[in-house]
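Quick one: this structure, given as structure tokens, is what I'll be asking you about.
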Amino acid sequence: MTEAMEYDVIVLGAGPVGENAAERTKAAGLSTAVVESELVGGECSYWACMPSKALLRPVLARADARRLPGLRQAVAGPLDTAAVLARRDSFTSHWKDDGQVAWLDSVDLPLYRGHGRLDGPRRVIVTGGDGQEQVLTARQAVVVATGSRAVLPDLPGLAGVRPWTSREATSAQTVPDRLAVVGGGVVAVEMATAWQALGSRVVLLVRGGALLERMEPFAGELVSRSLTEAGVDVRMHTSVTSVSRPRGAGPLALTLDSGENIDADEVLFATGRAPRTDSLGMETVGGHDGDWLTVDDDCRVEGSDWLYAVGDVNHRALLTHQGKYQARIAAAAIAARAAGEDIDRAPWSPYTATADRVAVPQVVFTDPEAASVGLTLAEAEAAGHRVRAVDYDIASVAGASLHGDDYRGRARMIVDEDRQILRGATFVGPGVAELLHSATIAVAGEVPISRLWHAVPSYPTISEVWLRLLEEYRG
Ligand SMILES: Cc1cc2nc3c(=O)[nH]c(=O)nc-3n(C[C@H](O)[C@H](O)[C@H](O)COP(=O)(O)OP(=O)(O)OC[C@H]3O[C@@H](n4cnc5c(N)ncnc54)[C@H](O)[C@@H]3O)c2cc1C
Ligand SMILES: NC(=O)c1ccc[n+]([C@@H]2O[C@H](COP(=O)([O-])OP(=O)(O)OC[C@H]3O[C@@H](n4cnc5c(N)ncnc54)[C@H](O)[C@@H]3O)[C@@H](O)[C@H]2O)c1
């Protein structure tokens, strides 16, 4: 054990959220150290957002091109798989973090490589790859940003068959002939879209009766329809009961709850996430390892005045942009407290995470894209708001018909009838991803409907769906 090092702030985990928290506390004048056990940049950079979107971008661009006579013929052939995978590899910097480490250096943030764990209040032990331990102590705060990992169900035979999780699905170097995907959430539909287009025959095994169950029902319906048209075998109400690789290596045999057996070359389990809080030393500070870390709205772990948790690990919104928002909030609170200032705990203050409860935007990069922010109709009603859902067929907007022939898409806004503001909005259709931020501003800004009426969208863009929705609402 070497001599303890002291900093104002210690950040555990250098994913996008930990990096952001460290950058903000450092910028506020607090000495800050970062601890990372794998690659600086985290899951998002190497096995999640970036590689998955790099795989999907050519798929969606080709789908858009195929909707345009005059261009369709030029993109009739298959994707150049090797080129798509090579571009994906460059987005992950070939799973090397030199660039991110150089950035830490450039902003003067010391990096401790190794597994970090708490060892009582404001004290962290980092165990390096060589087993050496380094003690770090924090004058002000420890920020846990250790993220999440894929969970696998407890299925007979699963451990022995080396199933794909999101890590393999985003980093594989070859295209399996037959890919079984288990799950109906975001990872499942995005990866089914990508690998089907890259040449796999994909079967999507969905336990429930719908895809993308956290969005408005029409999102899952439209995505399911287009996955089927792309050749994916989408099977609802289907569970896997066992998996094996009968010959040790080679094809897999999956048994379904119907009794049917299907063969696949790989199986992806896209069945949700678990917190990376194992061996974190939470017992030494009154918590439990393995749990999500429940936080207050200033991102402090409940009951603590020095331990913060931001990003996936607090389970408020498992999205990079929302975690980085929390990092900004937590860093502001840490800096203000370090300066002895009282902090404003009201919603929407610089020290209160609010948007990650009421205005979480998410884009699912399928064809069609599914984009939503705020509450769905069902969520708004369950929360007791008096709301009205206003729907519109996006295909009827001039900009959409120009975007591509046979455009298919739908929009919904959820109007709070008492406050005359939007509680949520959902757009599904090609090219809607970039539309979402307008809705995020409307929901987070609580812009009155009467003022939205004056926010005139450009002609002829897909944004004109806003005008149509407002016309529908006002009759
Ligand atoms: C396939 C896939 C696609 C996704 N696509 C998107 C998308 O398009 N948009 C989006 O917003 N979100 C997306 N997400 C979600 C996004 O990846 C996460 O929300 C995001 O990575 C969370 O960031 P984080 O910094 O909290 O955690 P992570 O990115 O998981 O980083 C945590 C870091 O902490 C390190 N760590 C863990 N434990 C310790 C320890 N004890 N000591 C030291 N270091 C430790 C880890 O090695 C890791 O580097 C996707 C997720 C998946 C799985
Ligand atoms: N574009 C994006 O924003 C994006 C992309 C990918 C992932 N993400 C984030 O990553 C998180 C994780 O995504 P995910 O798709 O892994 O999780 P998820 O929670 O969105 O979906 C999990 C799916 O697996 C099913 N499931 C769970 N246990 C199962 C079991 N034992 N057998 C069969 N099915 C089972 C669920 O019913 C659900 O359909 C999401 O919350 C999302 O926020 C975001």
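Quick reminder: no glycine exception, Cβ is built from N, Cα and C everywhere.
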The NAD(+) site in TrEMBL includes Gly183, Gly184, Gly185, Val186, Val187, Ala188, Val189, Glu190. Which of Gly99, Gly272, Gly281 is also listed there?
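Same NAD(+) site in TrEMBL: Gly272.
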Tell me which of Cys49, Cys299 TrEMBL records as disulfide-bonded to Cys44.
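Looking through Cys49, Cys299, the record in TrEMBL gives Cys49 as the partner of Cys44.
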Anything from the binding-site residues Thr146, Gly185, Val187, Val189, Gly272, Asp312 with its Cβ under 6 A from ligand 2? List those in sequence order.
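Only Gly185, Val187, Gly272 meet the Cβ criterion.
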Compute all pairwise C-alpha distances among Lys53, Gly116, Thr146, Gly147, Ser148, Asp312, the residues listed as binding FAD, and give the largest one in whole angstrom.
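Largest Cα to Cα distance for the FAD-binding set is 30 Å.
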Taking just the CA atoms, what is the gap between Cys44 (disulfide bond) and Gly147 (FAD binding site) in Å?
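Here the two Cα atoms are 10 Å apart.
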Tell me the Cβ neighbour count for Thr146 (FAD binding site), meaning other Cβ atoms within 10 Å of its Cβ, over all protein chains shown.
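Around Thr146 (FAD binding site), other Cβ atoms within 10 Å: 30.
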Express the predicted model's confidence over the domain 'FAD/NAD(P)-binding' (7-326) as a mean pLDDT, rounded to an integer.
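Across the domain 'FAD/NAD(P)-binding' (7-326), the average pLDDT comes out at 97.
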In whole Å, how far is Lys53 (FAD binding site) from Val189 (NAD(+) binding site) when you measure between their Cα atoms?
13
